[in-house]
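Peer 1: TrEMBL lists 58-491 with the feature domain 'Major facilitator superfamily (MFS) profile'. According to TrEMBL, the transmembrane segment annotation covers 58-80, 92-112, 124-147, 183-204, 210-232, 296-320, 332-352, 373-391, 403-424, 436-456, 462-486.
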Amino acid sequence: MSSEEKVIETVASAPADPDVVREQARLDKLLKEHGATWDSAQDPQDPYNWSTWRKVSIALVVSLGQLITLMSASMMAAALPQIGHDLHLSDSATQITFSIYILGLAFAPFLIAALSEMYGRRPIWIASNLFYIFWNALCPVGPSAGLMTVSRFLAGSGASCGITLTGPILADMFRAEERGRSLALATFLPYMGPALGPIVGGLTSQHLPWAWLFWILSIFDAAVVLLGFFTVSETYTPVLLARKADAAARAGDESTAVDKWTLQYAGDFYRDLRSRLGANLLRPLALMVQRPAVQVIALIMALDFAVYCLLLSTYATLWIERYNQSETVSSLNYIALAVGTITASQAGGPLMDWMYARMKRHGEPVPEFRVPFLIPGVIIMPLGMFLYGWAAEKYMHWIVVDVGTAIFVCGSFLIGQGMLAYMLDEFKHAASANAAARMLSNILGFVFPIFAPSMYKRLGYGWGNTVLGLIWVVLGFPIPVLLWVYGARLRALGRRDE
């Protein structure tokens, strides 16, 4: 045998690169599911292969939009006493006008996820933001308690596009190995929303009528939508492949990469709304009912988010009533929330990718590779709650309360990042899975702030936070163990071609 033949035989017998094999399997799967696929693993039309600048631009614009709509959830916190007085509302009714925005985030994602998986991320993102802009601007008109409540709910419904679509848009563009960095990029601005909202709200409400709390955000979001119109490209692969198939059909190119089913499907893609919308609307509900993995994710995310919303709704009141601070000074304590969220997003992202890369060297990638990332958050979240609660109860220096708050928020958002990454790794229809998992979160996020004032009046901040922390310990601590040991079995249960 000649030396050249030996080299050829050696190359042929060499084990294939696992990454190359996985990439080819992905392309084959796209062809099987959609009747079209990318020309190669390096196809520039594939969102995975877009330039870093293009990906970052899209991520920043959608995250900026989410920042504004999340600020809207908390911006009126500092002005709640004045709003309640002007609208002649009780404390509980005033809390409802605050938290019903969260209820809007619970149900609208079903429609937003369905439409985004039918028509793409871009048009639904733009339309939902415009819907938010209109109803948010309408909130203070009157003023009317009924109009305020209805408009807040509908504004939250439009705002839910950020929570529903930001993660899936990033998953469309970044591979699993880059999930941590992409989430760090996408969450940096939105995670500051709940902190910046009360700060801006406190300053605004002290110098302007409280109606401007709503109008300022609508103006800013209108500017973001205008920027997004020119910046945000479609990222959803099935939609892009359908367009590719349609373009090939018009050009008369019926190549092996585009079958007849796809050509027909592409032509009907924007016409057959009624027959397809029902199935897409039911998909998140089906995932919630049929997939135990979604149920576990929903439970942990719901408890995490509900406790966070409870803290957020009472934080301004704590400083104004208990520490006798002005609205402006009290709002500055929300910087502690920003410290916690920024730490979670910017330290958590690289840590997630490092953990994933390390475990990937020892086996085939699975969503359970995200589980170790949950452990720090699960532990420090209740510790922060205890410190925050008892420091406030004993009238300790404000810095102690803020440190406890920052620790709690950091843990809370680390958990949210880890669960989102786990979900994006597992589910093909990421927007539907996200909508399903977050439904319970937003329902509890609406309910918890309503009873927050009465809970703290009866138990105080110390025992109130202790009760919440112990509930978290009982329900939250077993989750990483459950997912690590039984995660693969949970994911297999109820799995269909969803």
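Every residue, even glycine, has its Cβ placed from backbone N, Cα and C.
On this model, are these features tucked inside or out on the surface, and what's nearby?
Peer 2: Model confidence over the domain 'Major facilitator superfamily (MFS) profile' (58-491) stands at 83, taken as the mean pLDDT rounded to a whole number.
Away from its own ends, the transmembrane segment (92-112) comes close to residues 72-73, 76-77, 80-81, 83-84, 124, 128, 145, 148-149, 152-161, 163-165, 281, 284-285, 309, 313, 431, 434-435, 438-443, 445-450, 452-454 of its chain (Cβ-Cβ under 8 Å, at least six residues beyond either end).
Residues of the same chain lying 6 or more positions beyond the ends of the transmembrane segment (332-352) and with a Cβ under 8 Å from any Cβ of it are 179-185, 187-188, 191-192, 194-199, 202, 312, 315, 319, 325, 370, 373, 377, 384, 398, 401-403, 405-414, 417-418, 421.
Long-range contacts of the transmembrane segment (436-456) within the same chain, counting only residues at least 6 positions beyond its ends with a Cβ under 8 Å from a Cβ of the stretch, are 91-92, 95-96, 98-100, 102-103, 105-107, 109-110, 160, 163-164, 284-285, 287-288, 294, 297-299, 301-310, 312-314, 317, 419, 423, 464.
Long-range Cβ contacts of the transmembrane segment (462-486) within its own chain (Cβ-Cβ under 8 Å, at least 6 residues beyond either end) map to 296, 299-300, 303-304, 307, 310, 368, 371-372, 374-375, 378, 381-382, 385-386, 388-390, 392-394, 415, 422, 455-456.
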Peer 1: With the transmembrane segment (124-147) as the reference, which stretch in 58-80, 183-204, 373-391, 403-424 has the largest tally of C-beta pairs below 8 Å?
Peer 2: 58-80
Peer 1: For the transmembrane segment (58-80), what are the same-chain contacts with Cβ under 8 Å, counting residues 6+ beyond its ends?
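Peer 2: Tertiary neighbours of the transmembrane segment (58-80) are 94-95, 97-98, 101-102, 125, 129, 132, 136, 155-156, 158-159, 161-163, 165-166, 169-170, 173, 182, 185-190, 192-194, 196-198, 200-202, 204-205, 210, 213-214, 217, 220-221, 224-225, 227-228, 231-233, 235, 312-313, 315-317, 327, 330-331.
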Peer 1: Taking the transmembrane segment (296-320) as reference, which of 183-204, 373-391, 403-424 has the most Cβ pairs under 8 angstroms?
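Peer 2: By Cβ pairs under 8 Å, 403-424 leads among 183-204, 373-391, 403-424.
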